[in-house]
Amino acid sequence: MTSIEFSEGLENETSTDDLEKTLVIVAADADKRNYEVIEKEDNLNDEKDEDIQPKSSKKLKICDFKDERCSNTSLRKAKPDESVAHHSRESYANIVATHYNSRLEKGLHERSKSRLFYLRNFHNWIKSMLINEYLVKIKDKKKNNSPIHVHDMCCGKGGDLLKWKKGSIHHLICSDIAPVSLDHCKSRYRDMQNRIGHERGSESIFSVEYIAADCTKIRLREKYQDPSMKLDLVSCQFAFHYSFESLKQAECMLHNAAECLSAGGYFIGTILDSNHLLVRARKKKSNRFGNGVYQVQMDFDINKPPLFGAKYHFYLDGVVDCPEFLIHFPTFVKLAKKYGLKLIEKSNFYDFYEKMKIEGKQLMVNMKALETYPPYQGASLVGDPKFDYEFAEEYIKNYTSGEGVYVGTLSKSEWEASSIYLTFAFEKVKNSWASDGTPIYEI
Ligand SMILES: C[S@@+](CC[C@H](N)C(=O)[O-])C[C@H]1O[C@@H](n2cnc3c(N)ncnc32)[C@H](O)[C@@H]1O
């Protein structure tokens, strides 16, 4: 049992009450046991790692986009063959944009009633820890306190604005395909600005610019207020999978992520772990699997998924319900190299949690990232009391004095959903130049 007692070292924390001192992710252990047999990383496709072309596409044309479209002479155009979704690419972008545009902004009260209240908070905690980890590295490198420039790619409604404020950055570029989400983001930023304006002695907040665009198709740099701006960090949270609709889109998005990063800067994010998704589908011998919290429907042969355009629907209790695409991680890494991005970290959420649990325990409490079990003072549980908390029960029985003990946990169903995600981080490396002016990266 690798469950964690959060009690050690918390005695002197003034804002942590007794109840919250014994947080533990119990369901995580349960899930780990269930998925011990993870198939090999590169099991998505029989094709060799060196060949990143969609299956059965032969020689591919040079990409001939002009103007603001992603342009890169080394991009090759994939034929619309069986490995790439047959749907019009434009229409998927529209479905995604329409979906996010129509999502209503829910207040805190409304969110607290959601079945996914703790799961969302837990994911928010993961993002906070990841962003903070890399902002700290950037500050360590900078030494002279020079301004920090960040691009929040696919920023949505600006759920990470507070994280950027806490990280004391100086300028933020927010891009997203859904203009309505960007409007929410703008008004959140204005509220934040107003609040700060009323706090006496508070420092000024970072500046922001907004770009409404499809990051998988448009070269974003040309839309920056200052296209010569160098970035320290590009963050793409829960969104990179949209680009794996096609090779061309994945390359465009990576180009956007890497193009303005300074050498030594980082590209970080969170995505679904395709390997894990496939393992679950294959274990169930079905294209459809999930539980009461999440459902996945895969629209391709799970025994022979294509490298690009492997479309699935991911439904997370009212949070996401639109087409997404598997990201074959070795392909992601290989494509990233082309843009000078070197993989430095990849962790599933469980391992990331393990790494950050001590450093982030106070934040975890503040963010209500775990549910209290047994329910405190008549509160009701978000999960099924009979099914979702058996590991919390077991933990209390085997590892604590029992009576009057409370633990923090995610319900088993929520953990099953959360454990399909992973975090990644790439570093932009220095380059030399070829005689034709193209950059050469030694990775
Ligand atoms: C799950 S939300 C994540 C939002 C935000 N990053 C967060 O962590 O709260 C995914 C976001 O990606 C955006 N998105 C999807 N496809 C996109 C594309 N091709 N270009 C730009 N944004 C896109 C959606 O509009 C949505 O806001």
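Glycine is no exception: its Cβ is also placed from the backbone N, Cα and C atoms.
Because TrEMBL annotations are produced automatically, they should be read as predictions rather than curated entries.
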Problem - Residue in D140, D176, D191 which TrEMBL records at the S-adenosyl-L-methionine site where K127, C154, D214, Q237, Y242 also bind - result: D176
Handout entry: For the domain 'MRNA cap 0 methyltransferase' (114-429), mean pLDDT (0 to 100)
Key = 93
Exercise for the section: Just jot down the residues in the same chain as D176 (S-adenosyl-L-methionine binding site), at least 6 apart in sequence, with C-beta under 8 A of its C-beta; none if empty. Expected result: Y100, C154, C155, G156, L182, C185, I211, A212
Practice task
Please find which two of K127, C154, D176, D214, Q237, Y242 have the most distant C-alpha atoms, given that the record lists them as binding S-adenosyl-L-methionine, and give only that distance in angstrom, rounded to a whole number.
Solution key: 23
Practice task
Report the same-chain neighbours of D214 (S-adenosyl-L-methionine binding site): residues 6+ apart in sequence with Cβ closer than 8 Å to its Cβ, ordered by sequence.
Solution key: A93, A97, I177
